[in-house]
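Per TrEMBL, these features apply:
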type: BINDING; residues: HIS2; note: heme b binding site
type: BINDING; residues: THR3, ASP54, ASP62; note: Ca(2+) binding site
type: DISULFID; residues: CYS9-CYS42; note: disulfide bond
type: DOMAIN; residues: 1-134; note: domain 'Plant heme peroxidase family profile'
Amino acid sequence: AHTIGITSCDFVTKRLYNFTGKGDQDPSLDKFYAANLKKYKCKTPADKTILEMDPGSFTTFDTHYYTNVVKRRGLFTTDGSLLTDSTARSYIDGILNGSIDFFKEFGLSMEKMGRIEVKTGTEGEIRKVCGVVNSSN
């Protein structure tokens, strides 16, 4: 869950500096938030500064992350895509208006994940970088 933890600029550089390969910014990202990141944190495309995934609340497991997502201030492309999927958007709205209990739902999802069988050998891998499949070298 992106409600807690940190990342580094190199995981969001493309959204800030070269989203479509033409030196542009991801239009789904709030322009003021992006400008702030560029000015104070990710000053160049090569910057590796540490960022809070949920600014102001990155050490607390809470629903503040969803407030940021609705404001188009999620760091990752996947955060922004939550707003374009009607099911995900409805879920976020439910969390924010209190009709969905985030903590209960999170607990249920952890129980469900706990029932997934362990993958061994060539059936799975522990990734060195979460968003990239390990190379076979």
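Every residue gets a Cβ built from N, Cα and C, even glycine.
Nearest to ASP54 (Ca(2+) binding site) in space, judged by Cα atoms and limited to the recorded positions HIS2, CYS9, CYS42, is HIS2. Ranking the binding-site residues ASP54, ASP62 by how many Cβ atoms sit within 10 Å of each one's Cβ puts ASP54 at the top. With DSSP classes pooled into helix, strand and coil, the tally for the domain 'Plant heme peroxidase family profile' (1-134) is 58 helix, 8 strand, 68 coil. On the backbone, the CA of ASP62 (Ca(2+) binding site) and the CA of the residue listed as 'heme b binding site' stand 10 Å apart. Annotation for the recorded positions HIS2, CYS9, CYS42: lowest Cβ count within 10 Å of the residue's own Cβ, HIS2. Summary of the Ca(2+) site environment: with the site residues THR3, ASP54, ASP62 set aside, the chain residues having Cβ atoms within 8 Å of the Cβ mean position are ALA1, HIS2, ILE4, SER57, PHE58, THR60, PHE61, THR63, HIS64, TYR65. For THR3 (Ca(2+) binding site), the same-chain residues 6+ apart in sequence whose C-beta sits under 8 angstroms from its C-beta are MET53, ASP54, SER57, THR60, PHE61, ASP62, THR63, HIS64, TYR65, TYR66. The residue listed as 'heme b binding site' sits 19 Å from CYS42 (disulfide bond), counting Cα to Cα. Mean per-residue pLDDT, taken over the domain 'Plant heme peroxidase family profile' (1-134), amounts to 94.
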